[in-house]
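S.K.: Sharing the feature lines straight out of TrEMBL:
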- E332: active site (ACT_SITE)
- D415: active site, proton donor (ACT_SITE)
- H331, H335, E411: Zn(2+) binding site (BINDING)
- 297-307: compositional bias 'Acidic residues' (COMPBIAS)
- 37-220: domain 'CAAX prenyl protease 1 N-terminal' (DOMAIN)
- 286-317: region 'Disordered' (REGION)
- 14-32: transmembrane segment (TRANSMEM)
- 86-109: transmembrane segment (TRANSMEM)
- 115-139: transmembrane segment (TRANSMEM)
- 166-184: transmembrane segment (TRANSMEM)
- 190-211: transmembrane segment (TRANSMEM)
- 353-375: transmembrane segment (TRANSMEM)
- 381-406: transmembrane segment (TRANSMEM)
Amino acid sequence: MLKTLFLLPVETQIFYSVLVFSWTVYLWEAYLSCRQRKIYRTTIHVPEELGKIMDPDTFEKSRLYQLDKSNFSFWSGLYSEIEGTLILLLGGIPFLWHFAGSVTARFGFGPDYEIIQSLVFLTLATLFGAVTGLPWSLYSTFVIEEKHGFNQQTLGFFLKDAVKKFAVTQCILLPVSSLLLYIIKIGGDYFFIYAWLFTLLVSLVLVTIYADYIAPLFDKFTPLPEGELKTAIEDMAKSISFPLTKLYVVEGSKRSSHSNAYFYGFFKNKRIVLFDTLLEDYSPLNSAGEPQSDTQSETESDPEESSSETKQKSKKKQGCNNAEILAVLGHELGHWKLGHTVKNIVISQMNSFLCFSLFAVLIGRTELFVAFGFTQSQPTLIGLMIIFQFIFSPYNELLSFCLTVLSRRFEFQADAFARGMGKASELYSALIKLNMDNLGFPVADWLFSMWHYSHPPLLERLRALGNVKQD
């Protein structure tokens with residue numbers, strides 16, 4: 001079979017190599033998921049090592065939740081792979097490109113207006129992805145997440161959120177793409193350097209403005225009220241010279257009971273964001289220090305949000321106490337103190353520069369375009385798609401695995417940093433609480449875990465923290 005493949009024209013070799021590799025990756029992922037589903041199906045009793053950590057009821061709930069998610073992932077993954085294969089085999093990409101051209105032609109823009117045609121193509125492609133992905137997203141949210149008590153959204157809120165996300169995505173994607181294409185076209189022999197610098201600038205700007213201007217379009221951010229927790233967080237930040245400027249609580253409970261915390265910002269302007277579901281007995285909408293009139297006016301103006309908020313109050317998750325929250329933040333601040341954030345940015349930008357450099361070498365290869373149905377033209381946007389998405393796919397898979405391994409190493413180091421701050425016991429109990437609140441299953445197949453888990457499994461993290469005495 002391979003001998004026959006090598007006798008085919010180089011364009012055909014490229015096309016079928018891309019398809020074969022795509023299905024190879026899919027089958028590998030399916031095999032790993034099958035191994036993990038076997039764990040979910042057969043591990044029906046709490047292992048002895050977990051006897052003091054999880055009660056049988058929570059263990060069973062997490063097992064069933066993860067089993068449902070894994071089964072859903074199998075079918076959605078199979079659909080996605082078949083859809084992608086059919087798009088390639090049936091010439092979906094050149095068809096959509098020519099259709100975009102016919103749309104722009106109606107407005108008087110001919111083939112010379114490639115950037116405008118590219119923007120129409122991007123809009124149609126993202127719209128297609130949003131529409132075909134909507135049923136899967138609806139099922140995940142209103143069947144699986146609802147069944148296991150995590151969904152807090154109404155259908156109206158979900159659809160309004162989806163439309164808003166699509167609109168915001170287009171407002172960012174289209175201007176950035178048009179500028180990138182323009183830079184590539186006028187950049188000359190060193191366009192790849194200018195393109196890389198532009199994407200670096202865009203990523204830094206987006207990271208800077210996301211939580212202040214983009215995220216508030218979807219969630220309500222409230223300053224953490226004055227009190228014991230805020231004072232303790234500020235004192236801990238000062239103790240390691242973390243330049244904390246603001247503390248927020250985000251109303252994540254409006255859409256899900258899952259919890260999280262993160263920090264963002266550059267240089268001397270760092271902010272910490274806590275999900276309200278992370279905080280024990282706390283809700284931004286009815287906390288003691290918040291004016292009720294403002295809240296009432298907001299909920300009255302948006303019945304969908306009001307319904308969602310009422311729903312979440314009846315399904316309050318456990319959350320963490322103040323000492324445990326400090327331990328979790330000690331872990332997060334450990335990422336900053338140990339330079340993990342900077343290292344990830346450096347790795348990302350080195351990879352970006354390498355990819356743009358290789359793109360500069362490959363963009364002139366006509367056979368790459370012919371392989372995917374572009375025999376008459378070589379649009380820059382299509383070249384970006386073919387090279388970054390298809391030609392680089394083996395490299396992307398390898399890089400993804402390496403970054404997963406590195407991420408687990410960083411997580412252990414951040415845990416050790418929190419332990420060094422004297423918060424091992426609190427982090428130990430916080431990890432257990434968060435795992436139970438999010439119905440994380442603590443038993444994992446070693447191969448599935450090695451390939452997929454960016455965070456170490458719960459038991460490995462607890463062992464690394466040591467035998468901390470729990471009350």
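Glycine too: its Cβ is placed from the backbone N, Cα and C atoms.
Bear in mind that TrEMBL entries carry predicted annotations, made automatically and left uncurated.
Can you walk me through where each of these features ends up in the structure?
M.R.: Same-chain residues at least 6 positions away in sequence with a Cβ under 8 Å from that of D415 (active site, proton donor) are, in sequence order, H331, G334, L427, R461, A464, L465.
Its Cβ taken as reference, H335 (Zn(2+) binding site) is surrounded by 20 other Cβ atoms within 10 Å in the chains shown.
If one looks beyond the transmembrane segment (14-32) by at least 6 residues along the same chain, the residues whose Cβ comes under 8 Å of a Cβ in the stretch are 5, 8, 74, 77-78, 81, 84-85, 88-89, 367-368, 371-372, 390-391, 393-394, 397, 445, 447-448, 451-452.
Cβ atoms under 8 Å from those of the transmembrane segment (86-109) belong to residues 15, 18-19, 116-118, 120-121, 124-125, 128, 372-374, 379, 382, 385 of the same chain, restricted to positions at least 6 beyond its ends.
Counting only same-chain residues 6+ beyond the ends of the transmembrane segment (166-184), those with a CB under 8 A from a CB of the stretch are 114-115, 118-119, 122-123, 126-127, 130, 191, 194-195, 198-199, 202, 206, 214, 217, 380-381.
Using a Cβ-Cβ cut-off under 8 Å and counting only residues 6 or more beyond its ends in the same chain, the transmembrane segment (381-406) has close neighbours at 14, 18, 21-22, 25, 93, 97, 114, 118, 121-122, 177, 181, 347, 351, 355, 358-359, 362-363, 368-369, 371-372, 374, 450-454.
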S.K.: Fewest other Cβ atoms within 10 Å: which of the recorded positions E332, E411 wins that one? Let me know.
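M.R.: Across E332, E411, these recorded positions, the one with fewest Cβ atoms within 10 Å is E332.
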S.K.: Between the Cα atoms of E332 (active site) and E411 (Zn(2+) binding site), find the distance and write it as a whole number of Å.
M.R.: 9
S.K.: Sequence-remote contacts (6 or more beyond its ends) of the transmembrane segment (190-211), Cβ cut-off under 8 Å?
M.R.: 172, 176, 179-180, 183-184, 221, 248, 264-266, 271, 273, 348-349, 352-353, 356-357, 359-360
S.K.: Inside 8 A of the center formed by the CB atoms of H331, H335, E411, which other residues of the chain have their CB, for the recorded Zn(2+) site?
M.R.: E332, G334, H340, F410, Q413, A414, D415, F417, A418
